[in-house]
Amino acid sequence: MTPLGTGFRPAGKLGIAQGLFVLWICALALFPGQWTMPVTDRDEARYSQAATQMMETGDYVDIRFQEDPRYVKPAGIYWMQVASTQPFGGPDAPIGAYRIPSFLGVLLTSLVTAMIGARAFGGAAGALAGVLLSLTLLAGADARMAKTDSMLMLTGTLSSLALFQILVQPKGSPARQFRGWPLVFWLANGLAVLIKGPIISIMTVLTILFYVAFTRDWRALRRLRPLPGLLVFALVGFSWIALITFQTEGEFLRESVGHAFLGKVAEGDDDHGGWPFYHTSMLAVMFWPGTALLGLGVAAAWVRRREPAMVFLLSWLVPFFVVYEIVGTKLPHYVLPVYPALALLCGLGVKEAPRLLSGFGGKLVHGLFLLIFILGCAALAGGLWYGVQDLEGEMTVWIWATIGTLIAAALASILFLRKPSFSGATYAALPIVAFYAVFGGVALPRFEPMWPSHGIWQIAQRIEGCERINAATAGYREPSNVFYLGTKTELTDGEGAAAFLRRNRRCGLAVVEAREMETFTAAYGRPVRSLGTVRGTNVSKGRAMELQLLVAEDSPLRLGDTRQGRL
């Protein structure tokens with residue numbers, strides 16, 4: 001018996017069949033688009049290009065994007081991307097190879113989430129939570145981008161699994177017989193620092209403080225093995241940080257801690273401020289389709305609020321979420337590390353649905369979140385239609401198919417929610433998987449107005465006449481150009497592109513945006529030839545563009561038929 005009331009009764013471990021089911025559904029949902037979607041601006045392009053330059057230079061300590069130091073994040077994710085690209089050509093690998101760590105991050109997080117759920121609430125509840133996590137819009141998007149967030153979520157969830165085993169499982173239970181959980185805990189937190197700094201450390205400290213404060217079990221802290229654990233944590237998380245700090249004479253700490261971390265806490269950084277309750281309101285879309293089950297999850301949390309497993313889950317979720325509602329900078333992925341906790345609430349909610357829906361209060365909360373889910377579906381469909389119009393694209397058959405799968409997913413979910421069950425959840429997941437297959441695998445990659453850099457590369461890879469082509473872009477300075485056209489690509493203006501082409505008359509390619517064309521023509525003062533035109537939208541700035549691929553009149557460069565190189 002604990003001070004909170006009911007003692008903890010372990011539900012069991014995740015079965016092999018349940019684990020394989022989670023991995024299968026998650027892979028079906030996450031894989032489409034991994035290799036077909038062009039590189040996105042700006043973060044993914046910067047991460048991938050920095051990893052490329054590590055391979056080109058052989059320097060795996062100093063992180064750079066072209067000549068500029070990139071010290072906003074530690075080296076962990078870059079090393080993972082370097083490793084994942086080796087079987088696919090190293091620095092010449094397509095963008096899909098750089099996304100492998102993100103794909104694995106969400107896939108394995110779903111499995112670890114299922115493991116936590118099985119231990120806390122039973123195998124079926126855990127499996128549903130794991131599947132639901134991978135189906136959420138935010139996790140699905142991050143799985144398809146070569147960034148830090150998916151792997152950060154994995155390390156945070158591994159830390160929470162180990163913490164659950166150490167703090168919550170009763171003494172003498174089979175789960176506590178494994179003595180390596182403290183090592184898993186400290187390793188996970190050290191890796192998290194190596195990936196994105198102290199984010200998971202903050203989440204972990206908040207979880208421990210709130211759980212111990214509510215249970216009054218301060219002696220549980222000894223089971224963390226803090227002295228040897230902190231040594232492991234420091235060796236894993238801070239060895240590279242110490243090295244790069246010494247090498248850059250403190251510049252890394254000034255940039256990563258002073259700007260990238262403290263600056264975001266104090267005030268909105270890089271125009272990414274947000275309204276009050278930003279993250280809470282964004283759940284309607286970012287946690288879709290899980291929003292439909294959140295009402296059941298909230299009701300289940302209230303009913304079982306005194307049980308240690310639920311206290312742990314809420315200690316993991318609520319403090320971290322509140323902190324990010326307070327900080328000045330707000331982006332949806334900042335709360336991704338606690339999405340597994342939300343999914344676990346939903347899994348428990350489905351398990352407890354018959355009891356929860358027997359009373360008026362449970363029905364009211366469930367109905368409210370069901371309404372939010374329906375509004376989220378409408379927002380997704382409307383946002384898709386508006387995005388196509390805003391980017392001056394066409395409503396292709398694949399866009400209509402995406403809207404069709406979205407409607408099917410909404411209807412299947414509503415039917416399931418009339419009488420929630422684990423078997424019904426499986427059938428409700430299928431149209432959602434179809435939505436990701438059509439939208440992420442086909443419709444989005446083929447929507448050309450979104451991918452002007454890829455359009456430039458499609459033309460550039462057909463250019464013949466020189467063994468090596470030098471490139472510059474004027475008026476379109478997005479980092480995806482560097483990823484596609486090479487590290488030496490110059491991002492400049494019209495005058496800069498003219499000077500570049502004068503220096504590289506034989507093998508130079510100038511990509512000039514229409515707004516810079518007059519300046520370029522006046523500065524260059526010589527005839528040029530166009531090898532192609534790309535029309536699209538700079539999504540980062542929301543601006544339509546027309547780009548000309550220009551070479552000097554006497555250049556041997558010409559268009560051929562062969563295609564090679566990156567996607």
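Note that Cβ sites are derived from N, Cα and C of the backbone, with glycine treated the same way.
The feature transmembrane segment is assigned by TrEMBL to 12-31 (among others).
Confidence in the domain 'Glycosyltransferase RgtA/B/C/D-like' (73-239), given as mean pLDDT, stands at 94. What TrEMBL lists as domain 'Glycosyltransferase RgtA/B/C/D-like' is 73-239.
For 116-139 (among others), the entry in TrEMBL reads transmembrane segment. Sequence-remote contacts of a segment are chain residues at least 6 beyond its ends whose Cβ falls under 8 Å from one of its Cβ atoms, and for the transmembrane segment (116-139) they are 10-15, 18-19, 21-22, 25-26, 29-30, 106-107, 109-110, 150, 153, 157, 160-161, 164-165, 168-169, 175, 285-290, 293, 309, 312-313, 332-333, 336, 339-340, 343-344, 346-348, 350-351, 380, 422, 425, 429, 432-433, 436.
Taken from TrEMBL, the feature transmembrane segment applies to 151-168 (among others).
For the transmembrane segment (188-214), the residues of the chain that approach it from at least six positions outside its boundaries are 4, 73-77, 148-149, 151-152, 155-156, 158-160, 162-163, 167, 220-221, 224, 232-238, 240-241, 256-257, 260-261, 311-312, 314-316, 318-320, 323, 337-338, judged by C-beta separation under 8 angstroms. For 188-214 (among others), the entry in TrEMBL reads transmembrane segment.
Feature annotation from TrEMBL assigns transmembrane segment to 226-246 (among others).
For 282-303 (among others), the entry in TrEMBL reads transmembrane segment. Sequence-distant contacts of the transmembrane segment (282-303), counting only residues of its own chain at least 6 positions beyond either end whose CB sits under 8 Å from a CB of the stretch, comprise 132-133, 135-138, 310, 313-314, 332, 339, 342-343, 345-346, 348-353, 355-357, 361-362, 365-370, 372-373, 375-377, 379-380, 409, 413, 417, 420, 432.
Residues annotated as transmembrane segment in TrEMBL: 310-327 (among others).
TrEMBL lists 333-352 (among others) with the feature transmembrane segment. Beyond the ends of the transmembrane segment (333-352), by six or more residues, the same chain brings 109, 112-113, 116-117, 120-122, 124-130, 132-133, 136, 138-139, 142, 149-150, 152-153, 156-157, 160, 199-200, 203, 279, 283, 287, 290, 293-301, 303-304, 313, 316-317, 320-321, 324, 327, 420-422, 425 to within a C-beta distance below 8 angstroms of the stretch.
Residues 137, 284-285, 288-289, 291-296, 298-299, 356-357, 395, 399, 402-403, 406-407, 409-410, 413-414, 417 of the same chain sit 6 or more residues outside the transmembrane segment (364-386) yet have a Cβ under 8 Å from a Cβ within it. Annotation comment: TrEMBL describes 364-386 (among others) as transmembrane segment.
As annotated by TrEMBL, transmembrane segment applies to 398-417 (among others). Sequence-distant contacts of the transmembrane segment (398-417) (same chain, at least 6 residues past either end, Cβ-Cβ under 8 Å): 289, 292-293, 366, 370, 373-374, 377, 380-381, 384-385, 388, 424-425, 427-428, 430-432, 434-435, 438-439, 442-443, 446-447.
TrEMBL lists 424-444 (among others) with the feature transmembrane segment.
Contact between the transmembrane segment (424-444) and the transmembrane segment (151-168) is not supported: fewer than 3 Cβ pairs lie under 8 Å, counting only residues 6 or more apart in sequence. Through the fold, the transmembrane segment (151-168) approaches residues 8, 76-77, 80, 101-102, 104-106, 108-109, 112-113, 115-116, 119-120, 139, 142, 175-176, 178, 181-182, 184-185, 188-189, 191-192, 195-196, 199-200, 203-204, 207-208, 211-212, 217, 220, 223-224, 308-309, 312, 316, 336-337, 339-341 of its own chain, all at least 6 residues removed from its boundaries and within a Cβ separation under 8 Å.
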